[in-house]
Every structure is written in C-alpha cells, then in structure tokens.
Amino acid sequence: MFHTPIVPRARKRSRPAEASAPRRERVKFEDVRLYLVERKMGRSRRSFLTELARSKGFIVEDVLSDVVTHVVSEDSQASSLWAWLKGGPVKNLPVMHVLDISWFTDSMREGKPVAVETRHLIQDTLAASPEATTPTPVSTVSQYACQRRTTTKNNNKIFTDAFEVLAESHEFNDMEGPCLAFRRAASVLKSLPWTVQNLRVTEDLPCLGEHSMYVIEEILQHGHSFEVEKILSDERYQILKVIPRSKWAVSKAEAQALGNIIDEAVRAITPDAILTLTGGFRRGKDFGHDVDFIVTTPQLGKEERLLTSVIDRLKQQGILLYCEYQASTFDESKLPCHRFEAMDHFAKCFLILRLEDSQVEGGLQTAEEDRRGWRAVRVDLVSPPVDRYAFTLLGWSGSRQFERDLRRFARMERRMLLDNHALYDKTKKEFLAATTEKDIFAHLGLEYIEPWQRNA
C-alpha cells in the first residue's frame, strides 16, 4: 500500500481551546464493547469515564448500536432508562447487559471486565408487549436433561445460583422433593442459549413450578431473592455448607498430573489396562473438589486385583497418604436396580495422594503462605469389569441431574432400567450389551450428547 508523502507545513501556535485527538490505547478486551449512557451522567463525566476505560484496554462506543455488549448507566430510574433504550435503534437489546455504574467501577478497579452479578443489573421493569418475540422456541426444550445440551456457559447464572441455594437448603433439611424440583429448574435454565429477561418467556418451559417462577419474578423485579438472602445469612446453612467442602479446589492441570502418575502405575502392572478421567473434568470443568478415575482391564475378573496392585505401587512410591478400600459387592443376579444410586457395587477406593508442584504444569493451586511445594488431593478410583465399563463411564461422568433424567427417561419413555451396572429392557426382558456410551444412547433412541454438553 502506497502513501502520499507528507508535505511539511508551517508551524502554528496552538490554541488553548483546541483539544488534541484522544490517544487510542491498546485494546485488551475484544469481546466487550461498552456504551456509557449520558443521561443523568453528564457530558464531561461521560468523557472522563470513557477515557479512563480506554486507558485500561476497554472498547467504548460513542454511539449505541448492535455491536455494544454492555450498557452502563447512572440513571436510577429503571423504567425511564428502559423506555429510552427501547425507543432507540438497536435490535440486539435483549442480549445486552444493562448495568449500573457499580459494574463499571468494579471493572476499573480490577483492570478487567468483572463477572456480571445480580447487584449490577438494571432490570427491565416494563411489561413485555404482546408483539414481543420469544428469544427461542421454548417448545423445543425437553423436560429431560438427557435431551438437552448444556455446556459450562450459563446464561442464567443469577437464577440458577438462587435455585442451587434453595435446593441445598432443602437437602440439608432432608426434603428430597423440593430439592430435586429446584435442581431440575436450575438444570433447565442452564441449558438455555439466551438470558431470561422477563417472566413471559418462561411460561412454557418445563420443570418450573410455582415456587421457582416466584423466585424468578422476584429477581427480575428486585435484582435478588429475599428468600435466598435469608438462607445465605442463616448460621446453620453456613456451617453445613462449609463442612463437606475442600479448602482448595483441584485444577484441571492437577487432575491431569494425577492421571499421569496413576497411569504410570497402571501400565507397569497391566500394559493394556484402561484408565479414564471422569466427573466434572471430563465435562470440561476447570476445577473440582476431587478427581475421579475409572480403571479396568480387558481380562474379566482381574480388575479388582489390578486396583489393589495400583494401590500397593502408589504406596511404594511414597505418594499414598491415605487409602480406604471397598471390595466389590457386584452381584449380577441382583440386577436390574430399581432406584437411582450415585455409587455402584464395583471395587473402589478413596485415596489421598501427595502431589508435587514440579509434577503440575503451571504449578499447584495453593495459598501464597503455603511453602511446602506439595499438596494432598483426594482421588476416587473405581474398577468395573470391562463389560460394564461403558455403563460405569456414563454414570461417573455426570452431571448428577443429567444422570437422574437419563434414568428417568429410560424408565418413563422406554420401559428400561439404567444404572452404573447395566441397561435392562423390561419389554424384551433382557439386558442390552454396550461397549461404548454411544451404544447406550442408541439403545435408548437418543441422540448422543458429548460429555462437555452434560453440565445440567
């Protein structure tokens, strides 16, 4: 590309009233485009905040258009702000974040776009017009999680977090019915590719009962749920919430490092053995509270011996800090199982392993004051017979809600019984063989759903 030579000009005395063109800083956040609403903010303050954001690498649009992702306002009157926004030219408003200035302040302090929380949102208090269109046909949303694709991206975290608190509270009080109801409601909202911005779009969604709808409406109107806030401040809930949790979560890199250690031990015993990382990490999560593996061998009947040999080898290497072993109680004559079980009857062990910082790519996830250079990590190993491997893999991969709905679908829609051991056809009165997860989905007449799409 050729440029016209610049001809030197005579220098002129600068005028105080003339401002130089604003210097464009390096853009750091390509996916975030801000628009600062001048209403109630004023032109001079808007100009100052615009330059502040740009200096930190944010893109700030001068004009409100469909490229904007975050609208920031100091207007405390939500109704007048939304009336002004809806009267504008943008068509992409339903997917934009309309935020209070507090989000902008938090982002400037952190030097990056912070996660949008309930307290940041300026909710649309205007009633949806009859002509308004639904973001997606809700009739396509199945009541079964096994027929929905749910990734780790959650467009309705504000609502699902509230449902999870309510579910947990009922679980702590041994109220299984309401607990499951809220988990199913959360599961449905997690699967939506759009954000719920008014109550009307939820009317035809499955698994949303009266209580769930009330919570959604409360959050839309007030930005939070009073019931959830009361639970979060309850001392008993806080204690029960903390007790079962690990102090530090396990990272994906740490899980992979543990996989390498266990795989080396397994291969030294049986070169053709199968070791698979399961649980949340198989579904694409970056962190978990423990690490789950399935280990088996092509030699039927040898899987339990393989497991005990792996434990012995880890002990010899000095990395086994604790072991709790459970022998197999699997009895084929007691199949099929008629109830949902999180666990199964195969040989398994609960281990605590010593993981060194040097073994993990990027280092360990530990507190700054921790100078040991290692940490203890919980690992669960289960060892099914190879002909039960596919069923165990499906069951241990989760999520829990996905598994519940998959078994409910099998029972209600296909007259089959599915668990971590087998799939039984009640009509044909026979067990159906499967060597892969895809075989199980095919038996059920379901389209195969990848593990990373099972985060219901």
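Each residue's number is its place along the chain shown, starting with 1.
Positions of Cβ are set from backbone N, Cα and C atoms, glycine also.
Copied over from TrEMBL, here are the features:
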type	residues	note
BINDING	D290, D292, D380	Mg(2+) binding site
DOMAIN	24-121	domain 'BRCT'
REGION	1-22	region 'Disordered'
Listed in sequence order, residues not in D290, D292, D380 with Cβ within 8 Å of the centre of the Mg(2+) site Cβ atoms
T278, G279, V291, F293, F350, R378, V379, L381
With helix taken as DSSP H, G or I, strand as E or B and everything else coil, how many residues of the domain 'BRCT' (24-121) land in each class?
38 helix, 15 strand, 45 coil
Find the average pLDDT over the domain 'BRCT' (24-121) in the predicted model and report it.
86
Position of peak Cβ density within 10 Å, selected from the binding-site residues D290, D292, D380
D292
